[in-house]
Amino acid sequence: MDMFKILTRGASLKKSKDASFDFSNPNKTKQSKKSTTNIQKEVEKETDFFHQKKHNLLKQVEEAETNDEDPEENSDEDNREEDSETLQKITSEEDAMSLRKSYKGNVTGDDIPLPIGSFEDLISRFKLDKQLLKNLIDNDFTEPTPIQSEAIPSTLFDRDIIACAPTGSGKTLAFLIPLIQKVLQSKKHAKKKSTGGAVKGLVISPTKELALQIFNELNSLNTKLGLSVAYLNKSLSGKLRNGVVKGSKFDIVVSTPLRLIDLVKNGALDLSNVDHLIFDEADKLFDSNFIEQTDAILNACSNNKLRRSIFSATITSSVEELANSIMTSPIRIIIGHKEAANSNIKQKLVFCGDENGKLLAIRQLIQDGEFKPPVIIFLQSITRAKALFHELLYDRLNVDVIHAERTAKQREMIIERFRKGEIWCLICTDVLARGIDFKGINLVINYDVPLSAQAYVHRIGRTGRGGRTGSAVTFYTKEDVNLIKSVVNVMKQSGSTEGLAQWMNDLSKLSKNEKKNLKRKPMERKQISTVPGIVRKKRKMRKEMIVASKKRTIEDKTGKKESSQIETSE
């Protein structure tokens, strides 16, 4: 974030609409107060050069440890009062309502626990492991995000959860922190009873990339805690299947559905002792493509005390119905709107006329200086992703492509190179649209219009993460007019209006059958290329001639062999 921009906000002498104040409208003054407090928070964050907040948190953890050792020893009361003023303590329903109002949180259910105002609340209220809190601070997590404020205490109170929050809002930590705490408590209890080890926590993700990311986050929080955690990749799955490694040695397992089910069927992994089951990107795991696998996992987790949690940036009513049918009195946590994009993302619709216009639009973005790396470009199919990759290579862009046809190793290498900044632009299909957390993505381009609001929210959610700002541009042609309604609705909800026209309000939504048909058979689009049609035809004819000549030579050779065999037999 640019500190100069933050400090000079409101310092303009131009009398624009934003600069004027209407004191007769109380709502406007409230908004200005809210924006002032947001700016103050941003300034405090940016000007904390010496990581004073981090230092204070570590100091409080140390004080808590000394108090545990010697409860009679009291620290200076004045210092404690100063520290408590900086922390937001939630002690009543009024405090909870005020906090939820600030981040547009809608929490429903029976006996809802109070949210947390700071990570320190977890020590006083839940006796959070102090090493776990130190690990959080060491990873620069100094205060909880809205979804963490709500989901962590609910999980620690052993409640089933349906959680929906914008992309990049910290959902992974929202389920990992309480999961680790619960498993640590379970291990201590097992030691007292002298019972054997077993898998206690299970996290399910729809993609390998997201599962690996969750595992890496889990590993960083597990420092010095001694939990045995696993990501079920191809190598580990083979060892479990062959009995080289025992599944009971792991406390927490992260996996994709099919790999896990395969190991359960072969008896290599027992899930009957799992206490906590978490479905990340639940809207994907509960759709028609994954529902049978999800059901198989639920059947394998046969523990009577099993607690289930689902997390996603978009949760449809059908997913909620399914979730409610497998849960016991769940707490429903919605931060913002159910299908809203992150407010930090500047969204724009761009009309390109036809497919050739999309390539020209990308080149225009480059020329205008809006194509600021790192950039992610989404397309509807592997064929189109490959075609755009080759086209942008001709433009000498530092670009690569990732899709389902590439091996897991290739995908991991590309993602790592992209993270390091060795690749500036990544072209992909929806394989990367969910959950993958790249720091500092500046721009997301929807080269092809996504088929649903959920797909759109997840795609553009690769930018604007962790409090940063980002941009998202969606290209559309005359053929896409029927598809853009869902994008328009999300943009309106988020307050983005760039590229929106009045006629878009009259567009009708796609029916369920139309969406299903488009999933089965995506819209046919013209080939991605700026090469003239005559040149493409000539290239095609040349290829066909080469194939035909090769065929003739093979036929001639086989013909000669057959004739020579006849001669020798005679």
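Note that Cβ sites are derived from N, Cα and C of the backbone, with glycine treated the same way.
Curation plays no part in TrEMBL annotations; they are all automatic predictions.
Checking the ranges 121-149, 179-207, 440-468, 469-497 against TrEMBL, the motif 'Q motif' annotation falls on 121-149. Across the motif 'Q motif' (121-149), DSSP assigns 19 helix, 0 strand, 10 coil. Mean pLDDT across the motif 'Q motif' (121-149) comes to 92 in this model.
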